[in-house]
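Asks: Provided herewith is a single structure, encoded as structure tokens, for subsequent inquiry.
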Amino acid sequence: MRIVIITGLSGSGKSTAVRALEDEGFFCLDNLPVSLVTTFIELVEHSREDIKDVALVMDIRSRDFIKGYDQVFQAIASAGHSVKIFYFDATDEVLIRRFSETRRRHPALEGATVPEGIRFERDQLAGLRRIATAIIDTSEMNVHRLKELVIGLVKGGEGVLEMQVNLQSFGFRYGLPLESDLVMDVRFLPNPYFVATLRPFSGLDQGVREYVMGHKETVVFLEHFRDMLELLLPSYRREGKSYLSVSIGCTGGRHRSVAIAEELYNYFRQRNVNIKITHRDIDKGLG
């Protein structure tokens, strides 16, 4: 029997995932007490119905599960069944918006605000997140995309959506992009702003790009940063992440960060990475 544990943060899409698994023929059960897991498995094994796939939703609502999830997984393994743990996540901003739209209270802490509930839940589930088979960030997903991803995961990875990389340049002067997964500060590179003939232009212009790339430290940095991204991207894909935001920052977001982002974009696009590029602050501070 194949068993999938659906867990993660409240508001992250677990209910949608369960509906997708039900459509695939899974027998789904929500909020099963830990003390009944072994009994439930035995009942399914001896049932007259041919149940081969089971999904159990187990999360913060069951404090016994949070304290003893290792015992749950051990009991399943001892019974000779395979188990996958799908951990659903989203950014705090997205979770807060979802709770606001549905006007629901956060279930983790009675009487707490939604942000307080999210922080508490993240802390309580941190250990479970570390051992998950897949971590699914639903921040940028619609319902259709989430269902397709879940179905792909239970089929052993077949049909899993390709991760999208969103590469953007920005200026630290205007604040960090809140949605960033990775941030690289390139303010250590030579600055075309201090070259009078280059100042009016941007990192999209050939003269600025040649100036930035014409220094040895830029070439060495870019080589190492590309290598790091090539190492990280497959790991994020295996984690189940569908969207990765990489932000490159300089002082004003017009020269160095734009030039470096363009170099990275062209490099990874030639290697068939699903990548998009934006320049958040390129037109700011022009007058």
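Note: Cβ is positioned from N, Cα and C throughout, glycine not excepted.
Okay, so Swiss-Prot annotates it like this:
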type    : residues                                             : note
BINDING : GLY8, LEU9, SER10, GLY11, SER12, GLY13, LYS14, SER15 : ATP binding site
BINDING : ASP59, ILE60, ARG61, SER62                           : GTP binding site
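Could you tell me the structural context for the features on the list?
Replies: Classification of GLY11 (ATP binding site) by DSSP places it in coil, neither helical nor stranded. Listed in sequence order, the residues of the same chain lying 6 or more apart from GLY11 (ATP binding site) and placing their CB within less than 8 Å of its CB are ALA90, LEU95, ARG98, PHE99, THR102, ARG104.
The secondary structure of ILE60 (GTP binding site), as reduced to three states from DSSP, is coil rather than helix or strand. There are 22 other CB atoms within 10 A of the CB of ILE60 (GTP binding site), with all protein chains counted.
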Asks: Quiz question: given the binding-site residues GLY8, GLY13, which has the greatest number of C-beta atoms lying within 10 angstroms of its own C-beta?
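Replies: Per the Cβ count, the most surrounded site is GLY8.
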Asks: For the binding-site residues listed here, SER10, SER12, SER15, SER62, which shows the highest count of neighbouring CB atoms within 10 A?
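Replies: Of SER10, SER12, SER15, SER62, the one with the most crowded Cβ is SER12.
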Asks: Calculate the distance in Å between the alpha carbons (Cα) of LEU9 (ATP binding site) and ARG61 (GTP binding site), and round it to a whole number.
Replies: 11
Asks: Given the GTP site residues ASP59, ILE60, ARG61, SER62, which other residues of that chain have a Cβ within 8 Å of the mean position of their Cβ atoms, reported in sequence order?
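Replies: Near the GTP site, the remaining chain residues are ASN31, MET58, ARG63, PHE65, ILE66, PRO107.
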Asks: Long-range neighbours only, meaning 6 or more apart in sequence with Cβ under 8 Å: which ones does ARG61 (GTP binding site) have?
Replies: ASN31, PRO107
